Amino acid sequence: MFQLSVQDIHPGEQAGNKEEAIRQIAAALAQAGNVAGGYVDGMLAREQQTSTFLGNGIAIPHGTTDTRDQVLKTGVQVFQFPQGVTWGEGQVAYVAIGIAASSDEHLGLLRQLTHVLSDDSVAEQLKSATTAEELRALLMGEKQSEQLKLDNETMTLDVIASSLVTLQALNAARLKEAGAVDAAFVAKTINDSPMNLGQGIWLNDSAEGNLRSAVAVSRATQAFDVEGEKAALLVTVAMNDEQPIAVLKRLGDLLLNNKADRLLSADAATLLALLTSDDALTDDVLSAEFVVRNEHGLHARPGTMLVNTIKQFNSEITVTNLDGTGKPANGRSLMKVVALGVKKGHRLRFTAQGEDAEQALKAIGDAIAAGLGEGA
C-alpha cells in the first residue's frame, strides 16, 4: 500500500494553464528528490501523446518511458487547484497528482488512487478540502464510506446442496470473512429459516450483528425441494446503511417480471450485473468478451484509448473484469475503467445496449486486438 505524506500535498495552489500546473508539479517532484530536472519534459510530452485527465476533476501527469532514467525514487506530489485548471477538451482539473516512478511501480499506485477517486463524492470533497491533512485522508481512503460488498468474494455458485442450511452456512461464512457481520449474525442466519420469494429464490438477514453493508449469494447446482417449494438460490443481506436496498429492488423486479430464472443459470459476472445494474434487466443487451494483451494491463494510456473508442458510439456500455471483482463499470469513465485493475491476460466482458451496440462491440474488439495504442 502506497503511503502519502502531508509534505507531498499542496492545497490552494493556482495555475493559469495546464503547462504551468505541470511545471509546478515537476518542480515539487525535483525538490523532493524524486526526479532530475529533465523529467518535466517527459511530463509535457506525455500530455501531447495522451491527456492524463482521468475524470471527476482529477489529472495524473507523469513522464514518458523515455524519461524513466530521470526518476531517482518513486513518489508523488499532489496539487489542489480550487479555481480549476483547463486540461483540454473542456476538461477542468481541480486536483493533479504528479507521479514519478521507474519501471511499473506507478501502476499499483494508479490503481489504488483510482479505486478511491472513482467515488464521485470523494472527488467533490477533494475540490473543497482546505488542508493537506484533509486531502491526504481522502486520497488514502480514510474518509471513504465503505461501499456495498457484493462481488466474486461473496458468491458461491454451483454448490452440491440438498438443503437450505448448506447455503445459509456458506453465505454466513462469506459475510463473516468479509468483515461484514459478527458471530451473532452468523448464528441468527444459520438457525432461522429463510424467506421464500418464489421462483427458487430465498432470502435471509438478521437485525443483529450487521457491521458493514454486504450481500452474499449461494446457488445449488440443482434445485431441491423444501416442504414442497423449489429452492435453488439464497441471498443473504447484511445491512448497515441503505446500499442493499437497490439490490433488493432489482431482485424484486426480476421476480415481478418472472425473470428470476436468469439468476439460476447465469455465470458469476452476469449474476452480479443482474443484481447491480439496471441495464442487465433488459432483453436487448449484447455482450462480448476479450482478453487484454497489453504488457502492463489497462493503465492510463491504453485505458484512454479504450474509453475513446467507446465514446464513439451512442450505446450504453459497461465493462466487467472477469478476473477481478466481477462488478460492471461505466465504460465511458476512464477513472472507473482504470480502477478495474486490469492486468495482462485478464478477460473483459463488455455489454452494450443501443442502436449501434453490435458495431460498438466490434470496434472495441478490434481496438483491444490492435493493442490499444501500444501495438498488438
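Every residue gets a Cβ built from N, Cα and C, even glycine.
In this view, H62 (active site, tele-phosphohistidine intermediate) is surrounded by 27 other Cβ atoms within 10 Å of its Cβ, with every protein chain counted. DSSP assigns H62 (active site, tele-phosphohistidine intermediate) to a strand. Annotated active site, tele-phosphohistidine intermediate per Swiss-Prot: H62, in sequence order, evidence recorded as sequence analysis.
Look at Swiss-Prot and you will find H299 tagged as active site, pros-phosphohistidine intermediate, backed by sequence analysis. For the recorded site, H299 (active site, pros-phosphohistidine intermediate), the DSSP three-state label reads coil.
Annotated domain 'PTS EIIA type-2' per Swiss-Prot: 2-142, in sequence order, evidence recorded as sequence analysis.
Summarising the annotation, Swiss-Prot assigns domain 'HPr' to 285-375. Predicted-model confidence for the domain 'HPr' (285-375) is 91, expressed as mean pLDDT.
Annotation comment: Swiss-Prot describes H62 (among others) as phosphohistidine.
The phosphohistidine annotation in Swiss-Prot covers H299 (among others) and rests on a curator's inference.
The feature region 'M domain' is assigned by Swiss-Prot to 156-284, with similarity to another entry given as support.
Annotated pair H62 (active site, tele-phosphohistidine intermediate) and H299 (active site, pros-phosphohistidine intermediate), C-alpha to C-alpha distance, rounded: 12 Å.
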